[in-house]
Amino acid sequence: MGDPSKQDILTIFKRLRSVPTNKVCFDCGAKNPSWASITYGVFLCIDCSGSHRSLGVHLSFIRSTELDSNWSWFQLRCMQVGGNANASSFFHQHGCSTNDTNAKYNSRAAQLYREKIKSLASQATRKHGTDLWLDSCVVPPLSPPPKEEDFFASHVSPEVSDTAWASAIAEPSSLTSRPAETTLENNEGGQEQGPCVEGLNVPTKATLEVSSIIKKKPNQAKKGLGAKKRSLGAQKLANTCFNEIEKQAQAADKMKEQEDLAKAAPKEESIVSSLRLAYKDLEIQMKKDEKMNISGKKNVDSDRLGMGFGNCRSGISHSVTSDMQTIEQESPIMAKPRKKYNDDGDDSYFTSSSRYFDEPVELRSGSFSSWDDSSDSYWKKETSKDTETVLKTTGYSDRPTARHKPDYEPVENTDEAQKKFGNVKAISSDMYFGRQAQADYETRARLERLSASSSISSADLFEEQRKQAAGNYSLSSVLPNAPDMAQFKQGVRSVAGKLSVFANGVVTSIQDRYGS
């Protein structure tokens, strides 16, 4: 026995799927199932087919009714003897009404139904062989689809039914047949007696009655038809003036615009009133400012100093701004750099600068004249000599100040510098300012002086003297020898001693309290 062709498979499934119960999924009820379980002979949707695949082929064997073309005759017989209706009735008879897939197809009812489908399919295969249809597979006749009622056809159709029209047509036919019979009888008897004119008016009455019946009913139908059309809202326009309709529409638009304007007017009035109130508040504030006599400049100054009216939480302010005046500095003078006397070190009492040496020393000829105005000329001469010694020892004369002119002024004429150094690749500052010759002469003299020595140091070459140690400097070598300076020195020493004693006391107290 060969396998069925693809056309046979499509034909069989087309007929099986035409059954109403097979048009929905057996498990979930989805429409148009395209998969089938051969083991139970039921149709399934794609989702339920996946759950059947997870059960295993020993419980449910799944195939597609559209994609698979390698069906066997035994599998087709299983689908023909089965069906959704037979399976659902069998499961209900055996009390299996659960929707759980695992519980449903592992139950006793499912096992019995599998065996039943298998036996029926094997019998049908032996009996029918390769026939497409089975005797037991009865398909109910396809009922024509119900026609949808046409709304317009129902309203347009006449009110008189078909039976009424048939009776109306039958009546005139009977009426017409009767005068015909009478005319025949009259004609037969008229061969001897002659024509009879008594019944001449009868056919005319009959025809009049028939015509009246036929005419009345269509007229009634037309009246009813016209009434139906009016109920649908279709009206015939006659003798209408479109200009009047347009004027009415324009008038309606104008009325609508007026209503919109009337609604918007209160909103605009509220906005205008709020603006007026805001302007009034501003005017009141301006009047208050004018009363307080505060100009723009004073307002800024008061805000900067934190005395503005906006910063006053209580609303009370003082009149300090009324007396404010702006002071401009015409020619600001830069402060002179201060020279500390103890830059190079002092006695063993000091290791850092003190506030007693921060005051600048006025290096003038009469700086110490205020010490004793009643002293004689000899004392004044001595003080002037002391100031000169202080200048020499402290090196104030060597310090460059703003009053000192530079040793070498740059060449004013740029043409001379271009002519002089036009072809030179590199220029030093000594060459540009004319210090090269002097430097060369000094270096030659030093080299000639040190030519006989075995070793030369940088200090010997450049004649640099080693700076004295910080401990060699004393306060007496820096400060001028004056009686006030001696007293000042004594006071400083006493203060330093007190500070040292205080520091020692603090240290000992800390050690006693917290331990060494």
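Including glycine, each Cβ sits where the backbone N, Cα and C put it.
Computed from a predicted structure; not experimentally measured.
The feature domain 'Arf-GAP' is assigned by Swiss-Prot to 10-126. The residues of the domain 'Arf-GAP' (10-126), classed with DSSP into helix (H, G, I), strand (E, B) and coil, number 65 helix, 11 strand, 41 coil.
The zinc finger annotation in Swiss-Prot covers 25-48 and rests on sequence analysis. Within the chain, the zinc finger (25-48) has long-range Cβ neighbours (under 8 A, six or more residues past its boundaries) at 16-17, 59-66, 75, 78-84, 86-88, 99, 101, 105, 110, 113-114, 117, 121.
Per Swiss-Prot, the feature region 'Disordered' maps to 170-199 (among others).
The compositional bias 'Polar residues' annotation in Swiss-Prot covers 173-190.
According to Swiss-Prot, the phosphoserine annotation covers SER231 (among others).
On the 0 to 100 pLDDT scale, the coiled coil (243-264) averages 87 in the predicted structure. Taken from Swiss-Prot, the feature coiled coil covers 243-264.
In the three-state DSSP reading, SER270 (phosphoserine) counts as helix. Summarising the annotation, Swiss-Prot assigns phosphoserine to SER270 (among others).
Annotated phosphoserine per Swiss-Prot: SER274 (among others), in sequence order, evidence recorded as similarity to another entry.
According to Swiss-Prot, the feature phosphoserine maps to SER331 (among others), an assignment based on similarity to another entry.
Residues or ranges marked as phosphoserine in Swiss-Prot: SER370 (among others).
According to Swiss-Prot, the feature region 'Disordered' maps to 393-417 (among others).
Residues annotated as phosphoserine in Swiss-Prot, with similarity to another entry given as evidence: SER428 (among others).
For the recorded site, SER451 (phosphoserine), the DSSP three-state label reads coil. Here SER451 (phosphoserine) comes close to no residue that lies at least six apart in sequence on the same chain with a C-beta under 8 angstroms from its C-beta. The phosphoserine feature in Swiss-Prot is assigned to SER451 (among others).
On its own chain, SER453 (phosphoserine) has ASP460 as residues at least 6 apart in sequence with a Cβ closer than 8 Å to its own Cβ. Residues or ranges marked as phosphoserine by Swiss-Prot: SER453 (among others).
The phosphoserine annotation in Swiss-Prot covers SER455 (among others). Within the same chain, no residue at least 6 positions away in sequence has its Cβ under 8 Å from that of SER455 (phosphoserine).
Annotation comment: Swiss-Prot describes SER457 (among others) as phosphoserine. Residues within less than 8 Å, Cβ to Cβ, of SER457 (phosphoserine) and separated from it by at least 6 positions along the same chain comprise none.
For the modified residues given as SER270, SER274, SER428, SER458, the lowest number of other CB atoms within 10 Å of the residue's CB is seen at SER458.
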